[in-house]
């Protein structure tokens, strides 16, 4: 995969950052890694959920673990449960002189800014957010607006096939990079049919499957037949609602996020309610930059964009629920995005108002 070094996007991304959260559990710690005796250690701090959330955190952990296994290194993680625990969690790893400390998501931006100033020799990686003007911090961001455009095309085509005039979008929280998903999804939908509406629901949490299921029920009851969920653990509830309704004979679909969630939607043999997924290779970013830190080529102070032309975002290689005609349409749009014939927006119409 090829990475593009970009500073132009940093200002846009930073303008999106909204910091803050509220969680209730105490930090949970764990470890994994290569053979005993490895001196290089990567420490990962999550901002919501755990490393088995079937979404973003799990992807990052898989990338770090893969790096550790291949380089005789080790890795540890801590789940910081409140904003008050972010700085202590990062600082605890920095006190151990980690080879790299990885912060997952935009909740941790302010904590990374503070901690990186206190520990100028410690290398930090913040994933899916931007920290500027810190020589010991690398920011990995993704063109999820580009990947979301493609699943927007799939959603709109499925809606038109069913005679529907709207599709659904459920987001965990409107912060950090999250607006990019809605912007790209809406643009993809409108590229197919400008008259199809995107109905948005905000869960205000990434870790409440029951809330996700309730919001999905609301959208499906309104007549929507396809929902794109971008909500971490909350999104698992969206998938569950789709599975339950399919078992009751309703023709509804859900679009996964971050990784291929087809298997999460299986409800009858090998049948799945997951139409497709907006895959974001956070694991590749985590593995790649961990290796750079290990090799002594850590690009401190840089923001690295992983986009569609890098094959870091997009749809899975296999899409059993998409016809060849739909795939052909999606690939056509993909080529236009990569060639810059189509420039995908970073804000939706709703966000612009």
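Any Cβ shown, glycine's included, is placed from N, Cα and C.
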Hey, Swiss-Prot has inosine bound by 57, 128, 232, 258, 280. Any idea which of 47, 221, 268 it lists too?
47
Among 21, 104, which is annotated N-palmitoyl cysteine in Swiss-Prot?
21
Measuring Cα to Cα, how many Å separate residue 280 (guanosine binding site) from residue 56 (adenosine binding site)?
8
Nearest-integer angstrom distance between the alpha carbons (Cα) of residue 128 (guanosine binding site) and residue 56 (adenosine binding site):
10
Look up residue 128 (guanosine binding site) in the DSSP assignment and reduce it to helix, strand or coil.
coil
If I take the alpha carbons of residue 232 (guanosine binding site) and residue 56 (adenosine binding site), what is the distance between them in whole Å?
7
Hey, what's the Cβ neighbour count for residue 280 (guanosine binding site) at 10 Å?
27
Taking the Cα atoms as reference points, how far is residue 206 (guanosine binding site) from residue 56 (adenosine binding site) in Å?
10
